[in-house]
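K.L.:
Dropping a structure here in structure tokens format, bear with me for questions.
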Amino acid sequence: MDTKAFKRSLQHSENYNRKGFGHQAEVATQLQSEYQSNLIQEIRDRNYILQRGDVTIRLAQAFGFCWGVERAVAMAYETRQHFPTEHIWITNEIIHNPSVNQRMQEMEVEFIPIEGKNKDFSVVGTGDVVILPAFGASVQEMQILHDKGCKIVDTTCPWVSKVWNTVEKHKKIDYTSIIHGKYKHEETVATSSFAGKYLIVLNLQEAQYVADYIINGGNREEFLTKFAKACSAGFDPDRDLERVGIANQTTMLKDETEQIGKLFERTMLQKYSPIELNQHFQSFNTICDATQERQDAMLELVEHNLNLMVVIGGFNSSNTTQLQQIAFERRIPSYHIDTVERIKSGDSIEHRQLNGQLITTENWLPDGEIVVGITSGASTPDKVVEDVIEKIFAVKATAALV
């Protein structure tokens with residue numbers, strides 16, 4: 001499929017909208033009431049530090065809702081206001097935050113049901129309204145909805161669209177897109193659908209495996225087994241790694257994406273020559289500004305003398321996991337939670353480890369005076385961060401009375 005031509009056709013359709021419906025002012029008031037926080041603004045005004053009792057909170061200087069998330073959520077609210085009685089569907093979670101997605105359900109925005117491993121688009125009728133989330137949707141899903149005559153509201157983050165444009169450039173010049181990301185993540189599923197030949201690498205270790213194969217060759221069947229779910233149909237590592245371009249899931253660790261890009265640049269230099277490099281390697285900057293800002297702020301925060309970190313965000317949020325990774329690498333006790341309810345009465349907390357396991361830790365708040373670092377993923381409202389901070393203050397104050 002000529003994905004570029006399809007996008008152009010879709011975007012000129014009268015059933016397509018990616019600019020909203022003119023209800024920004026009304027929606028802004030509603031969003032501020034539901035998601036913003038006076039306490040968080042107070043902490044910002046106090047140089048991102050707040051002390052109460054034995055607890056000092058240090059807040060990262062960039063955290064929470066990014067511009068792309070705010071835009072997506074606002075457009076979803078506008079859509080319901082503009083279509084008060086219509087059936088509204090959404091292809092995936094609008095963002096990776098449980099409280100926001102719960103709010104979507106309360107507004108009667110329904111998820112496309114899944115039958116087996118596939119979405120059942122048969123439930124969507126002609127004239128229904130369908131929201132594409134901030135992560136985007138695959139070109140195949142867009143085509144199904146377009147062919148059905150649905151009203152499509154596209155909230156895809158512009159940074160994600162930028163990555164799509166990059167892999168389309170790779171496809172045009174017959175390069176394989178090496179995508180740094182998680183092959184199951186909605187964003188990477190969408191990005192790969194716009195690519196021609198592609199290979200998805202999770203981390204630097206997998207990238208090194210691919211680089212070694214480019215230089216030395218290897219066991220083709222082992223390679224294809226390793227990346228069976230992370231490559232394009234018919235992928236042949238002996239043929240399709242001669243010319244490669246780098247792209248990324250926008251929420252991955254910036255430093256790792258840069259290292260992967262440099263690794264493949266060095267690999268192609270070694271395999272070919274400096275003169276031939278531009279015929280075998282392409283790299284464009286597709287690192288999201290908001291992701292980079294939050295990671296940089298986290299790197300600055302962990303330089304302080306912290307007793308522990310609390311990282312707030314959806315358990316399926318990739319950018320939140322990357323923030324947790326930074327604390328883990330600094331050996332700071334760190335707790336990834338998605339809602340304030342994970343902090344239990346007494347002194348226990350239910351939290352997600354980097355391996356995905358959900359565990360409960362007792363006595364997680366040390367005795368005496370403590371400094372707690374706080375950050376949140378790009379899909380986390382300030383109101384959720386406020387609730388967590390207030391709960392920490394309350395638990396610590398109760399413990400002091402015992």
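Cβ coordinates come from backbone N, Cα and C, glycine included.
In case it helps, Swiss-Prot gives these features for our protein:
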BINDING   Cys66, Cys157, Cys288  [4Fe-4S] cluster binding site
BINDING   His96, His185, Thr250, Ser317, Ser318, Asn319, Ser379  (2E)-4-hydroxy-3-methylbut-2-enyl diphosphate binding site
BINDING   His96, His185, Ser317, Ser318, Asn319, Ser379  dimethylallyl diphosphate binding site
BINDING   His96, His185, Ser317, Ser318, Asn319, Ser379  isopentenyl diphosphate binding site
ACT_SITE  Glu187  active site, proton donor
K.L.:
Of Cys66, Cys157, Glu187, Cys288, which is closest to Ser318 ((2E)-4-hydroxy-3-methylbut-2-enyl diphosphate binding site) if I measure between C-alpha atoms? They're all recorded positions.
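P.N.:
Nearest candidate: Glu187.
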K.L.:
Can you check which residue among the binding-site residues Thr250, Ser318 has the largest number of Cβ atoms within 10 Å of its own?
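P.N.:
Within the set of binding-site residues, the most crowded position is Thr250.
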K.L.:
Round to the nearest Å and give the CA-to-CA distance linking Ser317 ((2E)-4-hydroxy-3-methylbut-2-enyl diphosphate binding site) with Glu187 (active site, proton donor).
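P.N.:
About 11 Å separates the two Cα atoms.
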K.L.:
For Asn319 ((2E)-4-hydroxy-3-methylbut-2-enyl diphosphate binding site), which residues in the same chain are close in space, meaning a Cβ under 8 Å from its Cβ, but six or more apart along the sequence?
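P.N.:
Long-range Cβ contacts: Thr251, Thr291, Arg294, Gly313, Gly377, Ala378, Ser379.
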K.L.:
Whose Cβ lies within 8 Å of the mean position of the Cβ atoms of His96, His185, Ser317, Ser318, Asn319, Ser379, the dimethylallyl diphosphate site, other than those residues?
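P.N.:
Along the chain, the qualifying residues are Ile95, Thr251, Gly313, Gly314, Asn316, Thr320, Thr321, Gly377, Ala378.
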K.L.:
I need the least crowded one of these binding-site residues (Ser317, Ser379), counting other C-beta atoms within 10 angstroms of each C-beta.
P.N.:
Ser317
K.L.:
If you skip the near sequence neighbours and keep only those at least six away, which residues in the chain come within under 8 angstroms of Cys288 ([4Fe-4S] cluster binding site), Cβ to Cβ?
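P.N.:
Residues satisfying the criterion: Cys66, Gly68, Cys157, Trp159, Thr250, Thr251.
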K.L.:
If you draw a 10 Å sphere around the Cβ of Cys66 ([4Fe-4S] cluster binding site), how many other Cβ atoms fall inside it, taking every protein chain shown into account?
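P.N.:
The answer is 26.
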K.L.:
Relative to the mean position of the Cβ atoms of Cys66, Cys157, Cys288, the recorded [4Fe-4S] cluster site, which additional same-chain residues have Cβ within 8 Å?
P.N.:
Trp67, Gly68, Val69, Ala134, Pro158, Trp159, Val160, Thr250, Thr251, Asp289, Ala290, Thr291, Ala378
K.L.:
Quick one: what's DSSP say for Asn319 ((2E)-4-hydroxy-3-methylbut-2-enyl diphosphate binding site), helix, strand or coil?
P.N.:
helix
K.L.:
When you measure from the Cβ of His185 ((2E)-4-hydroxy-3-methylbut-2-enyl diphosphate binding site), how many other Cβ atoms are you left with inside 10 Å?
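P.N.:
Cβ-Cβ neighbours of His185 ((2E)-4-hydroxy-3-methylbut-2-enyl diphosphate binding site) within 10 Å number 18.
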K.L.:
Taking the Cα atoms as reference points, how far is the residue listed as 'active site, proton donor' from His96 ((2E)-4-hydroxy-3-methylbut-2-enyl diphosphate binding site) in Å?
P.N.:
11
K.L.:
Using other CB atoms within 10 angstroms as the count, which residue among the binding-site residues His96, Cys157 scores least?
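P.N.:
Each of the binding-site residues His96, Cys157 was scored by Cβ atoms within 10 Å; lowest is Cys157.
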K.L.:
Helix, strand or coil for Glu187 (active site, proton donor)? Use DSSP.
P.N.:
helix
